[in-house]
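K.L.:
First the structure, then my questions, so here it is.
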């Protein structure tokens with residue numbers, strides 16, 4: 001039996017410490033899902049519900065720390081942002097780390113760009129809260145132009161540095177200046193801005209702690225950061241700094257005290273060099289990005305990473321959705337095993353794998369199947385791993401059902417794609433704000449980026465920058481693209497989700513996730529029960 005481990009550098013409890021006999025589910029849930037398995041009947045989120053139990057806990061008292069790998073746990077219920085090019089780049093990954101989650105940088109980037117994002121995110125712990133590239137205007141821009149931009153782009157902030165052609169700071173426009181503008185005059189910004197000698201600035205090496213002290217002492221809410229040449233290098237905002245100071249206990253940090261970030265890699269030989277570069281720049285979690293994770297190249301990639309990098313990095317393998325696929329990845333004669341398994345074949349809102357290939361198990365059953373495999377493998381070897389549910393989640397209630405079925409964490413795509421921090425611009429349509437989302441297996445993603453092509457099929461095309469006509473015609477997409485409503489900051493989305501999860505655990509009388517999983521009792525429900533559990537018999541006044 002494998003000995004229990006603690007993270008050697010932090011002393012934090014590991015998955016083995018918390019679950020020495022693997023993650024335990026309630027007998028009621030196991031019995032229900034086993035009966036369904038024997039009948040070859042699969043269940044998804046809407047088809048199950050949980051019974052309430054007496055509780056001694058207020059939801060705010062519930063601890064939702066959970067594991068995403070054998071060594072790494074997160075404070076916000078193990079929430080990962082998906083490795084999609086319309087979901088996670090550096091701004092999303094930073095926001096996730098600042099709010100108790102972790103972002104997985106997509107691989108539709110060249111290796112250097114992906115590694116630079118890792119480096120930037122980790123170093124933001126020193127200048128956290130600084131806006132690297134604030135929106136700027138020129139002194140000859142008219143006030144009406146600024147107003148138009150604010151309105152059209154739906155900006156919620158109202159402070160803008162004014163710079164010259166070389167990027168040198170000349171002044172600052174804030175809400176104070178805007179409130180007293182005579183719009184009939186339509187002045188130039190250079191005439192109404194606070195001049196450089198009227199504002200407090202800081203040198204470019206100013207840390208977030210130093211900025212906080214300066215702003216508090218000088219009672220200023222904006223602090224431009226300026227190089228010796230006068231060039232604007234960034235800007236601190238009091239509201240952001242104050243919020244981060246108050247929320248530091250939620251940060252997801254690595255062993256060295258930097259923000260945690262994960263990155264996706266493929267299964268090709270070139271991806272080993274990518275993995276080495278990512279780890280050299282501080283990445284602690286690699287996600288093997290494959291639509292069918294139980295394959296020979298995946299096993300070979302795990303072996304290659306272990307041979308090159310040892311245990312210096314945690315490996316998440318997937319995607320899978322069955323007992324046999326989980327066993328295939330866990331069993332290895334060389335002992336090269338993943339640190340977590342990611343579950344989900346085709347449940348995502350933008351994924352068409354099930355209709356294209358005819359394969360995929362609904363998520364509740366898929367999670368349970370993989371949980372059974374992990375338990376069986378762990379009983380023989382002492383090696384247990386967490387399960388990450390990837391796809392199909394539409395609410396905090398779905399996340400609670402994932403946990404009850406055997407998952408320790410969830411990966412979210414469409415729920416985060418509409419946030420301010422996701423890549424891409426806000427799109428206006430019929431008076432509403434949207435952002436774009438596309439599956440990594442969509443035609444658009446595969447035609448534009450080689451990383452997406454490598455995820456779904458492997459030939460010369462997956463390395464080419466551009467496809468030939470013949471290659472494009474042979475492409476078989478397994479995803480679509482579309483729009484999702486703009487939701488504002490990811491902080492709001494995560495707060496709502498975590499609050500809902502805490503309430504869900506409290507309904508079962510549990511003060512933490514491990515206790516919840518031992519007590520949670522799943523029931524199946526029919527269409528009438530599903531309808532009853534959603535708003536009904538009212539007119540939605542919002543539309």
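Each residue, glycine too, has its Cβ placed from N, Cα and C.
Pulled the feature table from TrEMBL, pasting it below:
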- 130-188: domain 'CBS' (DOMAIN)
- 193-251: domain 'CBS' (DOMAIN)
- 289, 290, 291, 344, 345, 346: NAD(+) binding site (BINDING)
- 346, 348, 351: K(+) binding site (BINDING)
- 351: active site, thioimidate intermediate (ACT_SITE)
- 455: active site, proton acceptor (ACT_SITE)
K.L.:
Mean pLDDT, the domain 'CBS' (193-251)?
P.N.:
92
K.L.:
Measuring Cα to Cα, how many Å separate residue 289 (NAD(+) binding site) from residue 351 (K(+) binding site)?
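P.N.:
About 14 Å separate the Cα atoms of these two residues.
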K.L.:
Can you break down the domain 'CBS' (130-188) into helix, strand and coil residue counts using DSSP?
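P.N.:
Computed counts for the domain 'CBS' (130-188) are 15 helix, 15 strand, 29 coil.
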K.L.:
Using Cβ atoms only, which residues of the same chain lie under 8 Å from residue 345 (NAD(+) binding site) while being at least 6 residues apart in sequence?
P.N.:
291, 292, 319, 320, 321, 353, 354, 359, 360, 361, 366
K.L.:
At the level of the C-alpha atoms, what whole-angstrom distance separates residue 344 (NAD(+) binding site) and residue 351 (K(+) binding site)?
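P.N.:
Rounded to a whole number, the Cα-Cα distance is 10 Å.
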K.L.:
Taking the Cβ of residue 346 (NAD(+) binding site) as centre, how many other Cβ atoms lie within 10 Å?
P.N.:
26
K.L.:
Determine how many residues of the domain 'CBS' (193-251) DSSP places in helix, in strand and in coil.
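P.N.:
Breakdown, helix to coil: 27 helix, 16 strand, 16 coil.
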K.L.:
Rounded to a whole angstrom, what is the C-alpha distance between residue 351 (K(+) binding site) and residue 290 (NAD(+) binding site)?
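P.N.:
Pair distance, Cα basis, whole Å: 13 Å.
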K.L.:
Measuring Cα to Cα, how many angstrom lie between residue 348 (K(+) binding site) and residue 290 (NAD(+) binding site)?
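P.N.:
Here the two Cα atoms lie 14 Å apart.
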